[in-house]
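According to Swiss-Prot, the feature active site maps to Thr5, an assignment based on sequence analysis. What Swiss-Prot lists as Na(+) binding site is Gly165, Cys168, Thr171.
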Amino acid sequence: MFEATTILGYRGEMGGKKFALIGGDGQVTLGNCVVKANATKIRSLYHNQVLSGFAGSTADAFSLFDMFERILESKKGDLFKSVVDFSKEWRKDKYLRRLEAMMIVLNLDHIFILSGTGDVLEAEDNKIAAIGSGGNYALSAARALDHFAHLEPRKLVEESLKIAGDLCIYTNTNIKILEL
């Protein structure tokens, strides 16, 4: 099974302007071997109004992306309503309950983690969320940099993912970032 990655979502306001970014590394691991170093695990959805990223089984993640994107379209881009309906649908479907993937979805106002059990978790501060094998490293770095360093949002995401890549053997520093 393909696994291991780090995805970091970051949203907030700087200088009176809202921002939302998502970043991820490019490493794909199969067992104890790196099989790809430049994979893309982040996407822009609904006319570039929502960002998303996944960690876990690649095939499962694409199933989740497709399902979430369909619901997001039906809710006309309303992220909050979409994650609630996504969770309801996920829990009803026996196949989906076995998927081994997690997602972060965010826009300028909200950031959520969608877990492999169908749970929807809003980030504690509605600002920073991370998933994957290096997620805790990236989350810790992002919180510290957000609190003390006062970096531009893109630089904060990049530096946090670099720290995760230096610490987690399943995460590299081939970083891709999308922003709204």
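Numbering starts at 1 and runs along the chain as it is shown here.
Each Cβ is built from the backbone N, Cα and C atoms, and glycine gets one as well.
Keep in mind it's a predicted model, so treat the numbers as computed, not measured.
The Cα of the residue listed as 'active site' lies closest to that of Thr171, out of the binding-site residues Gly165, Cys168, Thr171. What surrounds the Na(+) site, by Cβ distance within 8 Å of the Cβ centroid and not counting Gly165, Cys168, Thr171, is the set Thr6, Asp25, Gln27, Ser133, Gly134, Tyr137, Ala138, Leu161, Ala164, Asp166, Leu167, Ile169, Tyr170, Asn172, Thr173 from the same chain. Long-range Cβ neighbours of Gly165 (Na(+) binding site) (same chain, at least 6 residues apart, Cβ-Cβ under 8 Å): Thr6, Asp25, Gly134, Thr171, Asn172, Thr173, Ile175. Around the residue listed as 'active site', a 10 Å sphere centred on its CB holds 30 further CB atoms from the protein chains shown.
Residues within less than 8 Å, Cβ to Cβ, of Cys168 (Na(+) binding site) and separated from it by at least 6 positions along the same chain comprise Ala4, Thr6, Ser133, Gly134, Tyr137.
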